[in-house]
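Sharing a structure with you now.
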Amino acid sequence: MGITIVLGSQWGDEGKGKITDMLSQQATLCCRAAGGHNAGHTIVHENITYDFHILPSGLVSPSCVNLIGAGTVVHVPSFFKELASLEEKGLKDAGKRIFISDRAHVCFDLHSIVDGLEEAKLGGRKVGTTGKGIGPCYSDKAARRGVRIGEVLDEAVFERKLRSLHAGYTARFGELQYDVEEEIGRFKDYRKRLVPYIVDQLAFFKQYKDSPNTLVEGANALMLDLDHGTYPYVTSSSTGLGGAVQALSLNPTSITSVIGVVKAYTTRVGSGPFPSEQLNEYGDKLQSVGREFGVTTGRRRRCGWFDLVLCRYSQAINHYTALNLTKLDILDDFDEIKVAVAYVLPDGTRLTDTYPADPEVLEKVKVEYVTLPGWKSNTMGVKKYEDLPANARAYIEYIERELGGVPIKWIGTGPARDHMICRE
């Protein structure tokens with residue numbers, strides 16, 4: 001089994017869906033390793049737009065079987081709603097090609113309510129979550145009181161554990177706008193509907209042990225990783241290479257490539273440090289031209305210049321074998337383009353390839369930039385590297401050199417499925 005892993009290299013929203021969609025055309029399996037319906041990406045295929053949240057985007061490929069792995073959290077109503085949307089858009093057999101590990105955890109509406117209450121308590125220091133209940137669900141998992149997907153099938157166990165969860169949160173927060181008996185009633189229907197989707201993950205993988213190509217689709221990104229991201233302004237799962245290996249029980253020796261997806265500039269949704277953020281006309285232009293609004297929340301994304309310090313750190317953690325640089329065309333109309341090359345700490349220390357763990361330190365760094373000339377010409381839809389303007393190629397090759405020679409193998413030049421340059 002050859003395994004390709006696609007990972008976000010920044011703070012998410014890099015455009016992982018398109019490269020995953022492209023690679024899934026040759027894949028037998030496509031797997032989600034972590035996260036829940038807080039993730040979001042869009043794929044345009046044959047003029048139809050598909051929005052993915054919890055489902056793997058390999059479902060667009062008719063020959064690809066898909067798995068939601070043990071490291072994920074699944075909001076069951078959203079699972080069925082998203083699946084129905086895909087089927088309505090023409091993917092009629094999607095329900096026959098999607099499976100869920102029995103070890104994945106259930107994200108309840110209760111978790112979403114608690115998410116909002118916890119954010120409100122933080123006040124001005126709120127994390128800026130999606131409000132989907134992901135954090136509280138992973139907290140319950142870590143505290144060993146969560147409900148696994150496989151346990152939904154045992155009615156008595158399921159009801160006992162959900163009532164216990166509700167009692168615990170009621171003791172903490174008081175009366176909640178949540179009817180646990182109503183939720184239990186809804187799951188009587190979901191229980192029957194879930195049966196054909198739930199699998200033992202190891203047994204499932206054994207069926208595909210001779211698969212020539214397995215694709216792992218990362219959710220979120222390295223800088224949102226619970227351990228390695230800008231904690232506490234992170235998600236609640238392990239979003240890097242190690243998390244994918246752990247969640248899917250992958251054999252590390254079978255991993256043939258690790259693809260880092262990185263925007264040609266930088267964006268972030270929600271709170272937290274963002275050293276290269278541009279709170280000026282440049283940031284506004286990136287946001288406007290790039291149509292930077294979250295797929296899941298609709299929130300306006302914060303925008304800034306490409307950050308080499310961040311990406312060197314990301315490379316050191318995830319060990320990318322190749323990169324996919326996305327949304328190059330958004331930079332088409334800039335006279336000059338800046339790249340962050342170093343952080344200077346308040347004490348004068350200059351950092352180029354390490355990333356401070358303390359978010360308050362990150363808020364105080366001064367950023368050093370190099371300025372590169374723009375290309376002032378249209379790159380949207382360009383499919384050959386040699387057809388790019390010289391300054392666009394210079395920008396790509398500068399980033400490539402500064403990241404230690406990790407090849408930028410794919411370059412996104414627009415939203416459509418075929419707006420991609422492949423450099424062999």
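Cβ coordinates are placed from backbone N, Cα and C, and glycine is handled just like the others.
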Please pick, from Thr4, Thr28, Thr130, Thr253, the residue that Swiss-Prot records in the IMP site together with Asp13, Glu14, Gly15, Lys16, Asn38, Ala39, Gly40, His41, Arg144, Asn220, Thr235, Arg299.
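Candidate listed by Swiss-Prot for the same site: Thr130.
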At the level of the C-alpha atoms, what whole-angstrom distance separates His41 (active site, proton donor) and Gly298 (substrate binding site)?
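Each residue's Cα considered, His41 (active site, proton donor) and Gly298 (substrate binding site) end up 12 Å apart.
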Please name which of the binding-site residues listed here, Gly12, Gly15, Lys18, Thr413, is nearest in space to Asn38 (IMP binding site), Cα against Cα.
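Closest recorded candidate to Asn38 (IMP binding site) by Cα: Gly12.
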Just to verify: the residue among Gly12, Gly15, Gly40, Gly298 with the fewest other Cβ atoms within 10 Å, which of the binding-site residues is it?
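Selected from the binding-site residues Gly12, Gly15, Gly40, Gly298 on minimum Cβ neighbours within 10 Å: Gly298.
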Nearest to Lys18 (GTP binding site) by Cα, among Gly40, Thr130, Gly298, Arg301 (binding-site residues)?
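Nearest in space to Lys18 (GTP binding site), counting only the binding-site residues, is Gly40.
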Can you figure out which of Thr42, Asn220, Gly298, Arg299, Arg300 (the binding-site residues) comes closest in space to Asp13 (active site, proton acceptor), comparing Cα atoms?
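Nearest candidate: Asn220.
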For IMP, with binders Asp13, Glu14, Gly15, Lys16, Asn38, Ala39, Gly40, His41, Thr130, Arg144, Asn220, Thr235, Arg299, what's the maximum Cα separation in whole Å?
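If we measure all Cα pairs in Asp13, Glu14, Gly15, Lys16, Asn38, Ala39, Gly40, His41, Thr130, Arg144, Asn220, Thr235, Arg299, the largest is 34 Å.
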